[in-house]
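Colleague: According to Swiss-Prot, the protein has these features:
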BINDING   ARG17, ARG71, THR102, LYS163, ARG266, ALA267, ARG268  GTP binding site
BINDING   CYS24, CYS28, CYS31  [4Fe-4S] cluster 1 binding site
BINDING   TYR30, GLY75, SER126, MET197  S-adenosyl-L-methionine binding site
BINDING   CYS261, CYS264, CYS278  [4Fe-4S] cluster 2 binding site
DOMAIN    8-227  domain 'Radical SAM core'
Amino acid sequence: MHEKVRDSFGRPLQDLRISVIDRCNFRCTYCMPAEVFGPDYAFLQEEFLLTFDEIERLAKLFAGIGVKKIRLTGGEPLLRKDLPKLIKRLASLDGITDIGLTTNGIHLTKQAKALKEAGLQRVNVSLDAIEDNVFQKINGRNVSTKPVLKGIIAAKEVGLEVKVNMVVKKGMNDSQVLPMATCFKEQGIPLRFIEFMDVGSTNGWNFEQVVTKQELIEMIGNVYPIEPAEPHYFGEVAKRYCYIGSDVEVGFITSVSESFCSSCTRARISADGKFYTCLFATEGTDLRALLRTNCSDNELLQVIQDVWRYRKDRYSDERTEESAKNRAKIEMSYIGG
């Protein structure tokens with residue numbers, strides 16, 4: 001076990017998000033709009049994706065310098081063939097205490113049991129509306145909520161810890177905030193509202209479309225009073241609340257209205273092996289090239305540590321500054337949310 005590595009602001013490296021694929025079976029307007037990610041879009045070919053051996057090797061190195069939690073993302077990670085085999089390998093690594101997955105839930109019904117048996121502990125399911133007419137417009141594939149809701153139930157039944165994520169955008173699905181809160185309060189499933197963010201350069205973001213945490217709290221609190229809950233750990237992303245008189249949680253991810261850059265402990269690896277230190281990054285460090293040129297573990301580790309030590313990212317603090325406004329940022333579907 002090497003010494004924990006900290007960045008230039010003293011933030012430790014604790015969480016690793018690994019994108020296993022850049023493809024998705026949805027075309028959500030805020031992430032992979034169909035007019036950009038159309039039939040001719042050049043997704044990564046299989047030979048450019050990190051192999052399971054390469055992912056395991058990197059995860060082991062990250063675990064050795066303080067990473068405890070791994071989250072698998074995409075694209076849609078359940079499109080990656082044999083994903084439970086990767087999870088089993090990651091779950092066996094010394095130092096890794098938590099493995100999660102973010103998914104649109106379409107394939108959860110079929111895969112939940114195998115994922116759980118492989119060592120997956122928790123799953124976050126993206127669902128941006130409870131009413132089909134709204135959800136179908138958002139996902140761009142005319143898919144109803146039914147398979148997603150079935151996937152959520154399947155995940156719970158096999159013993160996975162389940163949370164639901166909802167990106168809220170004014171004029172798109174803000175009408176769904178209360179129906180979603182009602183649905184998942186009744187089911188006892190934590191729901192996390194995510195402020196619409198300017199990730200990437202293709203989702204047409206502007207601040208006027210953001211529904212802030214304070215607005216969401218007022219919308220929900222008028223019907224279901226809520227109170228703040230204590231954070232579980234340093235670097236926790238969601239601001240957690242509980243419905244009064246209940247232990248059911250609701251959370252808010254406030255990248256726009258209340259930056260959490262000062263406590264960000266997350267690194268990201270894209271499906272083709274680039275190492276990013278911020279969700280809003282403009283460039284990454286190519287670890288795949290090192291993996292495929294007989295680079296030693298010590299050499300790889302030195303690169304990883306150096307990148308993190310020199311990390312100065314605080315985009316959400318700088319969002320309104322002129323220098324941040326025209327940055328060409330990496331797309332969320334490529335880097336993982």
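Including glycine, each Cβ sits where the backbone N, Cα and C put it.
Tell me about the setting of these features in this model.
Modeller: For the recorded site, ALA267 (GTP binding site), the DSSP three-state label reads strand. On its own chain, ALA267 (GTP binding site) has LEU13, ASP15, LEU16, ARG17, PHE62, VAL67, PHE275, TYR276, THR277, TRP308 as residues at least 6 apart in sequence with a Cβ closer than 8 Å to its own Cβ.
Take the CB of CYS24 ([4Fe-4S] cluster 1 binding site) and look out to 10 A: across all protein chains shown you find 22 other CB atoms.
According to its DSSP assignment, SER126 (S-adenosyl-L-methionine binding site) is in a strand.
When secondary structure is read from DSSP and collapsed to three states, CYS278 ([4Fe-4S] cluster 2 binding site) falls in the coil class.
Confidence over the domain 'Radical SAM core' (8-227), given as mean pLDDT on the 0 to 100 scale, stands at 94.
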Colleague: What does the structure give for the C-alpha distance between SER126 (S-adenosyl-L-methionine binding site) and ARG71 (GTP binding site)? Integer Å is fine.
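Modeller: Pair distance, Cα basis, whole Å: 14 Å.
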Colleague: Among TYR30, GLY75, SER126, MET197, recorded S-adenosyl-L-methionine binders, what is the largest CA to CA distance in Å?
Modeller: 17
Colleague: Let me know the DSSP-derived helix, strand or coil state of CYS261 ([4Fe-4S] cluster 2 binding site), please.
Modeller: helix
Colleague: Whole-number Å only: compute the distance from the Cα of CYS31 ([4Fe-4S] cluster 1 binding site) to the Cα of CYS278 ([4Fe-4S] cluster 2 binding site).
Modeller: 17
Colleague: Where does ARG17 (GTP binding site) sit by DSSP, helix, strand or coil?
Modeller: strand
